[in-house]
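> Dropping a structure here in structure tokens format, bear with me for questions.
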Amino acid sequence: MIYISGIMIYLLALVAVGFYKIRSVKNSEDFMVAGRTLPWYILVGTLLATWMGSGSLFSGAGLGYRNGLAGLWSSGGAWLGIALIYFITRRIRNFGKVTVPDIFEARYGRAAAVLATVTTVIAYTTIVSYQFRGGGKVLSMVSDGMISLETGIIITAVFAISYTVLAGMFSVVYTDVVNGVLMTVGTLGALLFLIFRVGGLGEIAAVAESAGKWQLFGNWAAERTGDISGPIIAISFFVPTMLLLMGDANMYQRIFSARDGGSAKKAVFFWIIGVIVLESAISMLGLTGAVAAAKGLIPDLVADAQGALVNPTEGALLEARQAGSESVIPAIARFAGLPVVLGLLLVSTMMAIIVSTADSFLLIPATNLTRDVYQRYIHPGADEKQVLLISRSLVLVLGIIAFLLVSQFKTVLNAAFTAYNIYGTSITPALMAAFLWKRATAVGALASIVT
């Protein structure tokens, strides 16, 4: 019960921050890009907290549980993507826009901007939906079923939507800084405790080696049905993650929010360090959780999920393997004997990771629809009060749509890579060409998006 109390206090504090930051929002640019005033250290926190969503918390830890550190093939795509973006960060900031469709309109025309908006709305609303599912899973597990999955999803959705509606980017970035600190301390603290609990790094290496989780490609061949090699499957996870990162509208909107190009570039440099540390720690926490399960310290999540199947077909067993392992971090919080303070930190970290991503992925499509549809086609002469009202209303509407989408995906991994493929293959190639290839054409951009 103490864990639930801690989570609820955390969620209420987020809404309080939203109310406090309302006074900072004087116009639509404040709501969308925080008035372009953010220093580098604030940007680092919000970039880190936004990228580290339930895809990292559940699917990243689940991949670590199933594959060991070889699960980082998925995360590695993002690391390479950030490294490449670093070299054009100043150019992005100096472009001076607000949204990715703004960039498309400037380089390729209005048709490309509209298609970019539609793609972003579809992909990002899907991403928000699995944040809600992730929050529901955390609340259900740490409450030992007192809060059902469905009720947990509703609670997560209500809080994420509420404080995003209140102050937009101002509420998002400043809570993200706190969330970034919280997730770093909570993840590393839990990892160090669990390593000690299972017998140290040597014991982890020995158990992982015997289970095939201490090689370059781990058990990746078991991630898909059919006769597909582990390296091919690993690369199929690496590339979509890289493409999503390099085209991620959240990243561009935050770079546009920077005080200047130098602040933006410095923030991206420290962001890549933070992402490598945290995603490696989460993967290692998943692997250490698998060792803890082998020693009986926590339940055998995969065996339990597969044992509950009524019709254990090959596809159902694979899905149960993924879904069961995705619960490893909540299981560690419940069963691994963490000290109360560390347990509270870990469950708060889980909610911080989920909510900080949900709010950002709500704000982006709402901003796109406001600027690239409402202000351009529906009401070009709208005043600031009307634009703010529409922005907030769209956050609410898209949040409700995301809630309705939750039931369409059974695992976080499936939802994540559906969204990654939709967005990464449609948006990223044309977006990179906008900055790196002067001969890129509108026809080429349109063909890239629709194919």
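Residue numbering: from 1, along the chain as shown.
The backbone N, Cα and C atoms fix where each Cβ goes, and this holds for glycine too.
Below are the features listed in TrEMBL for this protein:
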type     : residues : note
TRANSMEM : 6-22     : transmembrane segment
TRANSMEM : 38-58    : transmembrane segment
TRANSMEM : 70-89    : transmembrane segment
TRANSMEM : 110-132  : transmembrane segment
TRANSMEM : 152-174  : transmembrane segment
TRANSMEM : 181-208  : transmembrane segment
TRANSMEM : 228-247  : transmembrane segment
TRANSMEM : 268-294  : transmembrane segment
TRANSMEM : 340-366  : transmembrane segment
TRANSMEM : 387-406  : transmembrane segment
TRANSMEM : 418-437  : transmembrane segment
> Does the structure show the transmembrane segment (110-132) and the transmembrane segment (268-294) touching, where I'm treating 3 or more Cβ pairs under 8 angstroms (sequence separation 6 or more) as a contact?
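Stretch pair does not touch.
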> Counting only residues 6 or more past its boundaries, what in the same chain has a CB within less than 8 Å of a CB in the transmembrane segment (228-247)?
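Same-chain residues near the transmembrane segment (228-247) but 6 or more away: 51, 63, 70, 73-78, 80-82, 84-85, 100, 217-221, 417, 419-421, 423-425, 427-428, 431-432.
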> Out of 38-58, 70-89, 268-294, 340-366, which stretch touches the transmembrane segment (181-208) the most, going by CB pairs under 8 Å?
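Going through each listed stretch, the top one turns out to be 268-294.
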> Do any residues of this chain, six or more beyond the ends of the transmembrane segment (38-58), have a C-beta under 8 angstroms from a C-beta of it, and if so which?
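Answer is 75, 78, 127, 130-131, 133-135, 137, 172-174, 176-181, 183, 245, 248, 250-251, 254-255, 257-259, 262-264, 266-268, 270-271, 274-275, 278-279, 282, 326-327, 329, 350, 352-354, 356-358, 360-361, 412-413, 416.
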> Which listed stretch (268-294, 340-366, 387-406, 418-437) has the most C-beta pairs under 8 A with the transmembrane segment (6-22)?
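The listed stretch sharing the most Cβ pairs with the transmembrane segment (6-22) is 340-366.
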> Do the transmembrane segment (387-406) and the transmembrane segment (418-437) come close, with at least three CB pairs under 8 A (pairs 6 or more apart in sequence)?
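They do not touch: fewer than three Cβ pairs between the two stretches lie under 8 Å.
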